Amino acid sequence: MYFQSFYFLALLLATAVYGQVASPELHSLSRRNWKKPPPFPSTNASYAPVIRSCDSSEIMVNSLPRGELPDLENDFIEKRLSNANEALTTFLQSKNTTADLDLSSIVGDNGPRLGIAVSGGGWRSMLFGGGALAALDSRSNETTLGGLLQSAHYITGADGGSWLLSSLAVNEFRTIQNISKSIWYTRLGIFFIEETHFGDLKNYYTNVVDEVNQKAAAGFNVSLTDYWGRAIARHFVGQLRGGPNLTYSSVQNASWFQTAEYPYPLIVTQGLTGGLPDGSNGTATNSSIYEISPYYLTSFDNNVRSYTPTQYLGTNYSNGTAVDGKCVTQFDNVGFLVGTSSTRYNEALIDVSLRQSRMSRRLGFTLRHMRINGSSVSFYPNPYTDATDIAGNATAVSEDIVDTPYLDLFDGGYDGQNIPIWPLLQPERKLDVVFAFDSSGDTSNFWPNGSSLVATYERVTQRASDAVYDVEDFVHVPTPETFVNLGLNANPTFFGCDGRNTTRGDVPVDHNTPPLVVYMPNTPWTMKSNLVDHRYRIANSEIQALIQNGFVATTQDNSTDFASCLACAVVQRSLERRNQSTSAACQQCFSQYCWNGTVDNTPVDDDSKNPTYNPAVKTSSASGVHANILLSFFVLLATLLVTA
C-alpha cells in the first residue's frame, strides 16, 4: 500500500518527457478520405495521441455558410429521414389524437423533425435521462412512448447527459436496460481503489496517471480534464480501463451510425477565448458554443462558423492546413471529450481526493497545483489558428480566436444553459419539437426550476448588437419562480404551442420558427431522485431504481392520455406550416400541458434546511418494475452501508 502510494505520487510529480511520435506513412486528408472512418481501438491501449505524416496542402477547416450543414452531417440526416419517418408514422398511427390525420402528407422530408436534449447533472442526469430514453425506445416493454427515440433526428448532451449519449454511441445504441446492467458501474465510486476495478486491479490510481503521462510524453499539454476523463470513462465505456484509445470518431464504424438508425449525437461544450475570468470558471452568455459529433467539431456561432474533423483534433493547423505535414489522431478520446463537457467536476475531483486516503490526498494536492497554474479547462490545439482566408475564401473566425494557440473548452452548462438545447435551435437543422430533459440541480436540494430554459431565453432576448450567434428566436418561458410556484418543474410542460406566439412574433410559421419545447423535469415519481451533484458512489440496485423513476416520470406512469398529447406536440409545427387547424382533442391536450402565459413571481425561499420546493414521491408503484417506497428505503440503506 505504502509503496504504491509513493509510486503513484512519484508518477504524478515526475516531469513529463515531451517528444514526437513519427510515422513514415502518408495519411491522406482529402475530403474523400474523411468519409473513411478511423479504425476501431486496437489492443495497444495507449492514451497518447498519435502524430502522423499527412499532406500539408489539404484543407481541413471549412467555413459553414448560412443555410447549410457540414457535409457529412447532412449526408447522415438525409439517410436518417427515412428511418425516422417510418418510426414516427408508426407512433402517430397508434395515438387517438393523430391516427385520423393524413400522415402521408404530414410526415416527410418537410417534417416533423425531432430533437432530444439531455441536461447536465452528473449521475442524476445520466440515470434520469437513461430512464427517459428507455421510455422513448420502441424496444422497451410496456411503454406508451415507444418509437420516439427512433423518430428523433438529433440528440445532444452536456455534462452527465454527454456521459449517457456517449455510452450509447460507443456501445451500438444498446437498450438502456442492457447497458445499465452490463456497463454502468458506480458502486466503487470514481477515484477509489478498494477492489478490482475494470481491469485496474489494485493499480487504479497508477493506471490513471500512467495513461495521462502517456499523453504528456507524446508532447501534448494535459489538464485536470485528462484525469477526470480517464476516471469517468471507466464507468460508461464498457472497455478495459475505460478504453484509453477509444475515440469518438471511431463511432463512424458502428453499424447503427452507418445505417443512421438512431439520432445524430452531439456532445456540447463551451469555449472561452482570452483566458479565464479572474477567480471564475464561468463565461458570458455570448461565448462560443461548440458541438462535437463523430464527424466534426463545429460551431455555428458567427465568431467561428466553421467545422473540422473530429478524427484530427489535436492537429496544429495554420490557415486550415496541417503545420509541417504532421497530423494528430486519437486525440478525440471519448473520456476526454465527455470530461470536457463536464469540467465542473474538476474542482470536485480535487475536493474528493483531499478528503480520502493519504494516497488520494496527495493526488488532490497535486491536482490543486495544476488548477493554480491555470489547467482547469481542457486544452485543444486550436484548429482555427490564422484561419482568416482559407483557399481564397474569407472565414468568419474572429481575431481573438485565430490568434490563440489553444481552444479552452469547458463544461457545456457553465453559462446556465444546462439543457444543451442551443444546437437544436439552429435554423439549418429545421427541428419542429425538442424534448428537453432537465435534471439540473437548481434548488438547494437539487431539483430543477427551469433556470436552464430561462438562460437560453435570455441569450436570445438580451441579444447584444455584436452577438456572435444567428439564433434569433425562442419560445417564451417564465421565471424560475413561476416554474416553482405553478408547478411547471413538477410536471411535463409544453412551451411554444402557438408557433405565432414566440419571440419571433405573429408571423407565418416556417422552418425559422423556433421548435416547440416539451419540458420534462426530473421529478420523484417512484423515489426521491435528487442526487447531490458530487455524489460518486451509487449501488447497482439504486441505479435501476433511478432509471425506473425516469421512465415513469417520462411516461407519466404509462399514461395513454399523455402519450396522445405528446403526439399533438410532435405534429404541431407541421400542421401550422400547412395552415391546418389543431384538432379538438389536441386543443384539449394543449389546454392541459401548454404554459398559458400565467406568471407568479412570488419569491421562493430556497433554504437548504427547510426548502419551499420539496416534492413528495408521487406513487408507490409503477408499470413494468413495480418499484415502491419500501424498495427505495432498502436501496438507500444499502447505499449508506456501502459508502460508510
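Using N, Cα and C of the backbone, Cβ positions are placed for all residues, glycine too.
If you look up Swiss-Prot, you'll see 1-19 marked as signal peptide. The domain 'PLA2c' annotation in Swiss-Prot covers 53-600 and rests on sequence analysis. Here Swiss-Prot flags Asn96, Asn141, Asn178, Asn221, Asn281, Asn286, Asn319, Asn373, Asn449, Asn501, Asn558, Asn596 (among others) as N-linked glycosylation site.
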DSSP three-state assignment for Asn558 (N-linked glycosylation site): coil
Spatial neighbour of Asn596 (N-linked glycosylation site) that is closest, considering only the glycosylation sites Asn178, Asn319, Asn449, Asn558 and their CA atoms: Asn449
Nonlocal residues around Asn96 (N-linked glycosylation site), in sequence order (Cβ under 8 Å, 6 or more apart): Ser564, Ala585
Per-residue pLDDT averaged over the domain 'PLA2c' (53-600), given as an integer: 88
Other CB atoms, at most 10 A from the CB of Asn596 (N-linked glycosylation site): 8
Asn558 (N-linked glycosylation site) and Asn221 (N-linked glycosylation site), Cα-Cα, nearest whole angstrom: 50
Integer Cα-Cα distance in angstrom, Asn141 (N-linked glycosylation site) to Asn178 (N-linked glycosylation site): 13
Asn596 (N-linked glycosylation site) - helix vs strand vs coil (DSSP): coil
Closest of Asn319, Asn449, Asn501, Asn558 to Asn178 (N-linked glycosylation site), Cα positions, glycosylation sites only: Asn558
